[in-house]
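Features as listed in Swiss-Prot:
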- 19-39: transmembrane segment (TRANSMEM)
- 71-91: transmembrane segment (TRANSMEM)
- 95-115: transmembrane segment (TRANSMEM)
- 126-146: transmembrane segment (TRANSMEM)
- 166-186: transmembrane segment (TRANSMEM)
- 194-214: transmembrane segment (TRANSMEM)
- 237-257: transmembrane segment (TRANSMEM)
- 261-281: transmembrane segment (TRANSMEM)
- 286-306: transmembrane segment (TRANSMEM)
- 336-356: transmembrane segment (TRANSMEM)
Amino acid sequence: MLLADWLQQFEPSFRVFSYLTLRAILSTLTALLIAVLIGPRMIRWLQTMQIGQTVRDDGPQSHLAKSGTPTMGGLLILAAIVVSVLLWADLTNRYVWVTLSVVVGYGIIGFIDDYRKVVRKDPKGLIARWKYFWQSVIAIGVALYLYASQQDPAETALLVPFFKDVMPQMGMFFVVMTYFVIVGTSNAVNLTDGLDGLAIVPTVLVAGAFAIFAYTTGNINFSAYLNIPYLPLTSELVIVCTAIVGAGLGFLWFNTYPAMVFMGDVGSLALGGTLGIIAVLVRQEIVLVIMGGVFVVETLSVILQVGSFKLRGQRIFRMAPIHHHYELKGWPEPRVIVRFWIISIILVLVGLATLKLR
């Protein structure tokens, strides 16, 4: 709480800034304002530097008009998140630093990939095996740290939604699950980021829901009432989640159809990895699969498409990920986007219902 602590030096009444709910609101507004105010300048700079999106010529013909649209706008999202968290979160909380390490680490991987593609004009970007290698290094490192530093068995137990008191201990399997959740979610959001605003809105919705999970899990009264494990460190993740919401909404201002900027891998890989680590920390990995159902379906469509083509020589979809399939069926891009948003809203509500339905 850099800003809150600084303000209290001048006026004791500024202790009000130590309240979690107020800091959550301020975190949202700070990230939102950073994104909205810096966005136009960043877009102009990206245009000046000719950092534009390249478009596949075998995809929907309507996408050819997107060629040259500024990309790597994810830098704006990440900057807004990091600044907001540093200002309003309790920096003595190790969960905050674990989450920021994933934000920055996966952001760097995405940045290198984008830089190679759009600046050095290398269509392959960061070679896939190296991308997965560094994603794995970060994910396994974080998983091992969490396993070694656990202070409560509940921190590494599997919380099963809809069932009361079902929390099997995972042991070292916690490390394996954490790895797959972080890396899998990172790549799932990356695959979803193919239409204007398609990935950022589900990300904002899931982050907003996780803010509620983090708050209830980190509050001894709410956790007891809802019969979920009490993990006090998760309360500060509310600030991280609300920063994602604010930064995401600010970015959506420029990314909504027709997009003025794309987030690029620097944004999608980092946001996906961040949702993954937050799910792990609040012990809601299974609920992430529910709330992030759009990400799951997009990923499964790619896996099924590739598997079917290799095994049978036939494609299941006209094009994968599945949002392109609907475009090639004749759906206008805005229809695809909004319907996927609606599905995300429904799935997030189902996920939130697991808090009470046990």
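Cβ coordinates come from backbone N, Cα and C, glycine included.
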Listed stretch, out of 95-115, 126-146, 194-214, 336-356, that has the most CB pairs under 8 angstroms to the transmembrane segment (261-281): 95-115
Feature contact check the transmembrane segment (237-257) with the transmembrane segment (71-91), CB under 8 Å, 3 or more pairs: yes
Contact ranking winner - 19-39, 166-186, 237-257 against the transmembrane segment (286-306), Cβ under 8 Å: 166-186
Considering the transmembrane segment (237-257), which listed stretch of 19-39, 166-186, 194-214 counts the most C-beta pairs under 8 Å: 19-39
Residues from the same chain, set at least six apart from the ends of the transmembrane segment (194-214), whose C-beta lies under 8 A from its own: 24, 234-238, 241-242, 244-245, 248-249, 251-252, 255-259, 263, 268, 271-272, 275, 278-279, 281-282, 284, 287-288, 291-292, 294-295, 321, 323-324, 327, 333, 336-337, 340-341, 344-345, 348, 351-352, 355
